[in-house]
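Trainee: These came from Swiss-Prot, pasted as-is:
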{"type": "BINDING", "residues": "Gly35, Gly36, His37, Glu55, Phe82, Asp103, Gln110", "note": "S-adenosyl-L-methionine binding site"}
Amino acid sequence: MDAEKIHISVLLEETMEFLCLQPGGIYVDGTMGLGGHTSAILERTAPDGRVVAFEWDENAIKASRERLAPYGERLTLVRRNFAEIGVGLTEAGISHIDGLLIDIGLSSLQLDTGTRGFSFQRDDDLDMRMDERGEMTAATIIATCTEEQLADLFYCYGEERQARPIAAAIVAARKLEPIQTTKQLVRVVARAIPKRFHPKKIHVATKVFQALRIAVNTELENLSKIIDDAGEFLKPGSRFCIISFHSLEDRIVKRKFRENPNFKVITNKPVKAGEEELDRNYRSRSALLRVAEKV
């Protein structure tokens, strides 16, 4: 698979500029994915710059391995979530870094070619694990949570206003048969909401899928942890760039950057994609980049 053909890294130029890349620097890409940002950093810090790339999705690692092979020992790959930055850097023998980037969005590989239930456009098992070594799946949540727990999850993690009728419909439907695939879940959600309340700009199941993915992968907890811990490893004057894709994440980044005494906020408002990038890559429309500097 040619990773470069199926994925376009968002806000690439803006991120590279904010990182203030230096030849020979050591940088962390906390979400390697298909290697777009990783390779850009390596290209711009040649010949001696290094990247420690964190990635917990084995499929993404396999898809990007050939593309990144030419960088040889300049690239250190860590199969961990970015929340484990301390363990990963210690294993790599690195104590301090010159910059850190995380891009929290799903890759095209996961949305378009995956088989783990991230997309409601495909009929896959309700899995949603980024790291298939994990035990909890979306199907497990759907099958075991109470109606109240499901409603709270959809409201808190998906900001879904129809959380309660959706939760009630799921509990009723699972009494008849297990809900184990994406299409099953989509049908239940669509029927639970009167058509006049179906959102016009997004799919009716978008927020439910978002909530389940966040819960399965403890995404918000991981995001909070990396912001809390990053100051220990970033050198003074180095930059921390975070690209998020929905308001839940962005609010956490905004608040924690401002509250953390290790950081000075560089972007008071999130940086968004320009018209040219929007025309080239429609998935960039939701991208929000915030940057802080280690003091």
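Each residue, glycine too, has its Cβ placed from N, Cα and C.
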Trainee: Most Cβ neighbours within 10 Å: which of the binding-site residues Gly35, Gly36 is it?
Mentor: Gly35
Trainee: Looking only at Cβ atoms, how many others are within 10 Å of the one on His37 (S-adenosyl-L-methionine binding site)?
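Mentor: Summing over all protein chains shown, His37 (S-adenosyl-L-methionine binding site) has 28 other Cβ atoms within 10 Å.
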Trainee: Helix, strand or coil at Asp103 (S-adenosyl-L-methionine binding site), per DSSP?
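Mentor: Reduced to three states, the DSSP call for Asp103 (S-adenosyl-L-methionine binding site) is strand.
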